[in-house]
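*Asks:* I have a structure I would like to understand better, so I am pasting it below and will then ask my questions one at a time.
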C-alpha cells in the first residue's frame, strides 16, 4: 500500500498524543496559571500542545529522520520549569500507554532522538519550524487544534498531515472527546477511553476507528443531499476565527436552519461521517491568512470521503504549497454534489463582497 509506513507512524503518533491530551485536559484546566501561556497573537497554548507536538515530531524523526515538519508551536521563551513539566507529562503518559495501548514493532524514540532531557524536548519542538513550500515532502502538525475548546473541556483535535509537492497525501485526526451519539450517530465500542481517530491516504478512502483500538477501521463517506434546505452546517465556536454574522446570512439565503458549533478539525470528521453537510469558515478580514495546519489533515479526509474542499470566494482548491499559510480567502467544505457546493461558495462570495458595498 502507498505510504504504508507513513500511515502507521501518523496513526500511532496521533494516537499516543491523543491519549496524553485526554489524560491531562482536566489538570490543565484546573491549573491554567502554570500550564497555559498566552502567545503573541493572544491565543493560548498549553503544556498539552507542547507535549503532543513533541511526541509526534519525535516519532516522525525516529522513523523518517530526513523529513521536515511544519508545526504550530515553538520553544522560544519557554522556561526550564515549563519544559520540565512537558517532559514529566510525556513520561507519565508513556507509562499509561505502554501498559494499556502499546503496539508492537513501533518506535517513538531511538538513539538519535531519545527524548530524555529538557534539551531534547526543545530541539524536537523546534524541528517544527520548517516553512513549507511547493516542492518535496513535509509533515504538517497542529498538536491541539481548538486549544480554547480544550480549555473549556470541550472538543479539540490532534491533527497531522503529510504534504508532497503542495498536495496533502495523508491525513490523521485524533478526536479524544468525540462522542458520536451527541450528533445523532451510534458510537463504536471502545470510544469511551479517548475518542476516535480518522485517517485517509489519497486515493485509498477515508476510515475511522476508536483510538483505544486503532486496528479495526470502518470506511466512511459523506451523504449527498439534493437541496440546501436539508443541510446542516458545521461552524466554529470562537467568533475570532470566522465571521458568524456572515455565516448566518449565508444560511438565511440558502434556507439552512440547522447548525452544529464545535471547535477544531473534528468538524471535518463529522462531515466525512455524513453527520453534517457544509463547513463554513468565512474570514473576518480579507487580509487574514489561514494556517495550513488548521486544514491540511481534514482536506484529504474530506476528499477521500467524497466531499469537496475549497476557498470561500473563488471556489478553488486549497493550496498547501504556499508556505505556512493559505493564499486563498476563507474555507468551505461540503458533502457536495458539485452544484450545491458551487451555490454555497457563490452565496458566500456575494455576502463577503457586500461588506464593502
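Cβ coordinates are placed from backbone N, Cα and C, and glycine is handled just like the others.
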*Asks:* Suppose a student reads Swiss-Prot and sees 142, 144 listed for Mg(2+) 1. Which of 72, 73, 215 should they find annotated at that same site?
*Replies:* 72
*Asks:* Quick check: of 277, 294, 311, which does Swiss-Prot put in the same Mg(2+) 2 site as 142, 145?
*Replies:* 294
*Asks:* Taking the recorded Mg(2+) 1 site as 72, 142, 144, identify the other residues of that chain whose CB atom sits within 8 Å of the mean position of the site's CB atoms, giving them in sequence order.
*Replies:* 49, 52, 53, 71, 73, 141, 143, 145, 147, 158, 159, 293
*Asks:* Within 10 Å of the Cβ of residue 49 (active site, proton acceptor), how many other Cβ atoms are there?
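*Replies:* A count of 28.
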*Asks:* Considering only the recorded positions 49, 147, 264, which fall within 10 Å of residue 294 (Mg(2+) 2 binding site) when distances are taken between Cα atoms?
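*Replies:* So the list reads 264.
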*Asks:* At the Cα level, what's the spacing in Å between residue 72 (Mg(2+) 3 binding site) and residue 147 (active site, proton acceptor), rounded?
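*Replies:* Their Cα atoms are separated by 12 Å.
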